[in-house]
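These come from Swiss-Prot:
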- 2-180: domain 'DPCK' (DOMAIN)
- Gly10, Thr11, Gly12, Lys13, Ser14, Thr15: ATP binding site (BINDING)
Amino acid sequence: MVIGVTGKIGTGKSTVCEILKNKYGAHVVNVDRIGHEVLEEVKEKLVELFGGSVLEDGKVNRKKLAGIVFESRENLKKLELLVHPLMKKRVQEIINKTSGLIVIEAALLKRMGLDQLCDHVITVVASRETILKRNREADRRLKFQEDIVPQGIVVANNSTLEDLEKKVEEVMKLVWEKRE
């Protein structure tokens with residue numbers, strides 16, 4: 001079974017994935033980490049698109065790249081057109097060779113088409129205030145995540161870790177019931 005976990009920056013996607021890993025033995029596929037690997041593989045193309053300043057000591061400086069791509073939708077689109085197909089292919093390869101419960105953690109699950117690989121999708125949501133408390137840099141990125149709309153099962157994460165664990169437990173009961 002493949003479950004996608006999505007939501008905006010700072011909502012608690014990683015925490016939900018950690019709960020699924022620890023309580024249910026899920027294999028978590030962190031799409032951000034895959035993205036970091038893919039960036040290194042396409043660094044020459046990144047220099048072509050965004051200039052040499054995106055490299056530092058021969059490696060992609062993700063902070064500089066983020067500064068460039070999050071200043072315009074056009075730059076973000078260029079980056080996504082380059083890396084998303086490669087990332088999706090890598091996720092599909094992992095799913096093909098992994099058994100048991102697989103969890104895909106991705107803010108841009110739908111935009112990347114990864115939701116099509118999932119049996120279920122959990123969207124983690126939190127208030128803007130909660131998000132900004134958790135992550136000071138979130139404000140800049142939130143405007144580029146406006147298209148992340150809740151899909152599948154929605155889990156609100158504005159409270160405690162214990163509360164979130166209970167909600168994830170309830171979700172998993174539903175998911176297992178639907179499976180039978």
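Just so you know, glycine gets a Cβ as well, placed from its N, Cα and C.
Recorded features from Swiss-Prot, shown on the structure.
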residue: Gly10; record: ATP binding site; Cβ neighbours (10 Å): 23
residue: Thr11; record: ATP binding site; Cβ neighbours (10 Å): 28
residue: Gly12; record: ATP binding site; Cβ neighbours (10 Å): 23
residue: Lys13; record: ATP binding site; Cβ neighbours (10 Å): 27
residue: Ser14; record: ATP binding site; Cβ neighbours (10 Å): 14
residue: Thr15; record: ATP binding site; Cβ neighbours (10 Å): 17
Looking at the domain 'DPCK' (2-180) alone, can you tell me the average pLDDT?
90
For the ATP site (Gly10, Thr11, Gly12, Lys13, Ser14, Thr15), what does the 8 A shell look like? I mean other same-chain residues with CB within 8 A of the CB centroid.
Gly7, Val16, Val124, Ala126, Arg134, Asn157
